[in-house]
Amino acid sequence: MNKKMLVISVAAAFIVSAFAAMSVYSQEDVESVRDSAFGVRMRDKVAFMHDEHNEKAGIDDCTECHHVYDEEGVKLEDESSEDRECSECHMAGGKDKMDLMRAYHLNCKGCHEEQKAGPVMCAECHEKG
Ligand code: HEC
Ligand code: HEC
Ligand code: HEC
Ligand code: HEC
């Protein structure tokens, strides 16, 4: 390989890896819930291994969490809001951080209580570290 070829291939490798780093970040990489709307938090962060959690819990339907409702409050079964944070809706129209917190707790803890599986104590979800 001559010098010019080497420069070109090194540059190409850089570009390829830059694109890879941009595109691979998806729900598989989610390890905790960090809704940007909270800002400074009172509690420790909530561990949530997205794909692993949903596999273990046997949840196939993304809209169990990433839901969309129509104006009458009817859940739209084939629409997903996976491209939006919960806060985009649960803090809209005058709702505050407490409403957002309640939405998370009702969704997460609500299901754990209902299914008698998964953590329900504060420190089991809000882990140190
Ligand atoms: C048990 C609830 C739950 C289920 C079921 C669920 N998700 Fe999520 N998902 C979340 C939460 C909570 C976040 C936000 C994590 C954060 O705050 O960064 C998230 C984040 C995401 C993100 C954004 C990742 C990023 O770039 O930050 C995508 C995409 C996503 N989920 C897709 C899916 C798909 C596809 C399914 C169905 C196969 C699914 N989710 C099922 C709770 C769920
Ligand atoms: C596109 C807007 C939107 C997004 C994004 C969204 N929600 Fe909702 N959610 C709604 C609407 C609308 C309702 C029905 C009216 C209400 O109860 O506020 C609802 C209802 C709920 C309820 C009450 C339903 C019940 O079981 O009684 C919970 C809990 C909830 N959402 C949690 C979440 C969580 C957690 C996320 C993020 C993973 C999320 N929502 C994302 C719009 C949204
Ligand atoms: C529709 C039901 C359902 C919802 C919604 C749900 N979970 Fe779970 N979760 C489960 C079940 C079932 C288990 C027990 C899985 C097992 O170990 O068998 C579980 C287990 C867990 C565990 C234990 C460790 C693990 O990953 O198995 C954590 C932590 C957890 N859930 C956090 C959350 C958080 C945070 C949310 C909300 C963003 C959430 N869960 C929403 C059903 C649910
Ligand atoms: C099933 C899991 C789960 C349990 C149990 C739970 N939480 Fe949470 N909580 C969450 C999730 C998920 C969020 C959103 C976290 C984020 O985006 O940073 C949250 C957010 C919060 C927030 C707002 C963010 C902050 O840190 O200021 C507070 C306060 C909070 N929880 C307190 C509590 C308290 C107190 C308990 C016990 C009574 C509790 N939580 C139990 C999952 C849980």
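Glycine too: its Cβ is placed from the backbone N, Cα and C atoms.
Copied over from TrEMBL, here are the features:
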BINDING   His50, His53, Cys62, Cys65, His66, His67, Cys108, Cys111, His112, Cys122, Cys125, His126  heme c binding site
DOMAIN    33-126  domain 'Class III cytochrome C'
SIGNAL    1-20  signal peptide
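Sequence-distant neighbours of His112 (heme c binding site) (same chain, 6+ residues apart, CB-CB distance under 8 A): Gly118, Pro119, Val120. Long-range Cβ neighbours of Cys125 (heme c binding site) (same chain, at least 6 residues apart, Cβ-Cβ under 8 Å): Val46, Ala47, Cys108, Lys109, Pro119.
Compared over the binding-site residues Cys62, Cys108, the count of CB atoms lying within 10 A of a residue's CB peaks at Cys108. The Cβ of His66 (heme c binding site) lies under 8 Å from the Cβ of Ser80, Ser81, Glu82, Arg84, each of these being in the same chain and 6 or more residues away along the sequence. Packing around His50 (heme c binding site) is summarised by its Cβ count: 16 other Cβ atoms lie within 10 angstroms of its Cβ, all protein chains included. Spanning the residues His50, His53, Cys62, Cys65, His66, His67, Cys108, Cys111, His112, Cys122, Cys125, His126 that the record associates with binding heme c, the maximal Cα-Cα distance equals 25 Å.
Taking a Cβ cut-off of under 6 Å from any atom of ligand 4, the binding-site residues His50, Cys62, His66, Cys108, Cys125 reduce to Cys108, Cys125.
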